[in-house]
Amino acid sequence: MPAPLYQNGIAHPGLAPFATARRPAGLAQPAPAQPTLPQPALPEADLAPRTANPAPGLAEAAAIFLPRLAATDQPLTLPEPAPADTRSARPLARVLPLRPHLPLSVDPLIEIPDRAMLDRLGPAFALRQGLIPCRRLGDEVILLTATPDAFDRNRAHLTALFGPRIRPLPCPRPRIEAALLAQHGPALVQAAEQRPPAIQSCRSLDRIGLALWTLALGAGATGAAMLRPDLVFTLLILGALASFAALFALKLAAAWASRHPIPEARPLPDDALPTISVLIALYGEDDIAPRLIRRLSALDYPRDRLDVILLLEACDHPTRRALARIALPDWMRVVTVPDGTIRTKPRALNYGLDLARGGLIGIYDAEDAPAPDQLRKVAAHFAAAPPRLACLQGMLDFYNPATNWIARCFTFEYAAWFRLVLPGLARLGLPIPLGGTTLFLRRDALLQVGGWDAHNVTEDCDLGLRLARNGWYTDILPSTTMEEANCHAIPWIRQRSRWTKGYLMTWIVHMRAPRQLWRDLGAAGFLGMQALILGSLLQGVANPALWSLWLVPLGMAHPLGGLLSPEALRLLALALLLAQLADFALVALAMRRSPNRLSLLWLPMLKPYALLASFAAAKALVEAISRPFHWDKTKHGQFDTAADPPP
């Protein structure tokens, strides 16, 4: 068996060495190979994931590119390629001729590519297109390319960079990727951390200034509370009432707008389906990794058009060991994300984006169990939609909705969000704060807005706003992914505090230029964003003050007693009670659209559930100053008792 080749520090024994073949008469022999570069050492001996089907070697790539020989030529003998696990194959656009004086192949891991030419082309562009400029022979540039289409598609750009005399040579895409990552890994990591431009990212926020402003506001509020506690309490209650009213009005509008089911798109035949790349960022997911592979394997989509990339942090040896014990199919690959200045999910997604091969990009989380036909629905909806559709947000639900009271309340909350609020926002044409999983994006749109903000811990919400600001729109996919409800109090607070912190950072970033935001989103979009994001933030902070109105029906004294008459206080408390009952009714309506069936007698538990959200909001405010980019990781696989939860 040949020695394994390495990519990103991971052994790939399936990558065959370059094939030898009898050459046509008159062809010069290639120059002797350069000494092989030393292979990077692995931190563990058993970390190399196994593949069920070896990746294609150079012989297969050469067979694609080599022209048919004339009858007078000596025949060229190449090994027969192994049968591919595909349902259909695309026809080649053209056949690329080889010059007689050129070698049949060049190994970019041995023959180090020309650094200056690669810098001109750009490593990220080279990764996306499967191209790498290898060297210059006289006035001719030797370009390694994974497919003829990649060269044809970029011919004008390549000619502008390197001149008209460019000679393509075949090379397996994994070899091109490995060479680019080995030579430009640090630059690619830096690029992943610096998306999008600084003015659109929370990394450019003045942390010291933000801390000073927060301390000043806190000191002012404390002083005011000592001097006029009744006034401060009144302002808190008014803020909570305003946010509650805005959110409730938005929910009512969304409920009305989403009263009709989302229409299904006509399914596409297999030969019309696009290639979809699915990115899954993993960190500390050794417990659930085997189940993830089984669930992804249940997806009903042609394997030659499915590209699954498992993104592992360089230090995550437990997850790598777990994957090493699994025979991964050839449409699934592991990519190691090198260490950098931060460690976040969006940074890993940015790194994986340049390695993705599909025109559509999907995002899943480690615990997800998507519906088997979900990707077919994605392809059908994009095919039927206008070009302005940038993103499809799938619905989420839980496969452990009855674990405890927190899981039940979480299920109520998800039903209202994914089956009422988000579909309503889409029908109303308002910006949609995306969820972190079951997202499907046009690759061109994602690149146009700059990818994910690597420093934002709710990169999904931020991405939804940037798509809307750039003229794209998001729709809801009528397909459900089941996932795990995080339903222990402390882990739940940690997760919710990260979401709240991310919403706060997102709001601050986009409100740095409010007039421009108004112009980008329009009046309805701007006001809808304030109601949804700012309203959610205010509710988490000011809800405890609002709940004090429940003291009034009990006949207890209230701090507002000195400002309002007893009748006004009772009317205010009654209005709050009616609004809460109406909110419960909206949740009950959303549950009718959910596959989960829970007793509505648990609805009152949403009040203590909201108290947990207030604790999370307090934690988020502290961390927004002390650790704004810290990713408070949620551990998955804790409540997944079924081997493969039904999708």
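Every residue gets a Cβ built from N, Cα and C, even glycine.
Annotated region 'Disordered' per TrEMBL: 25-53, in sequence order.
The compositional bias 'Pro residues' annotation in TrEMBL covers 32-41.
Sequence annotations record features per position, and here TrEMBL assigns transmembrane segment to 208-227 (among others). For the transmembrane segment (208-227), the list of distant contacts is 508, 621, 624-625: same-chain residues at least six beyond its ends, Cβ to Cβ under 8 Å.
Sequence annotations record features per position, and here TrEMBL assigns transmembrane segment to 233-257 (among others).
What TrEMBL lists as domain 'Glycosyltransferase 2-like' is 362-555.
Residues or ranges marked as transmembrane segment by TrEMBL: 521-539 (among others). Same-chain neighbours of the transmembrane segment (521-539): 239-240, 242-244, 246-247, 249-250, 425, 428-431, 433, 461, 465, 468-469, 500, 503-504, 506-507, 510, 613, 617, counting only residues six or more beyond its ends whose CB sits under 8 Å from a CB of the stretch.
The transmembrane segment annotation in TrEMBL covers 571-589 (among others).
Summarising model confidence by region, the domain 'Glycosyltransferase 2-like' (362-555) averages a pLDDT of 95.
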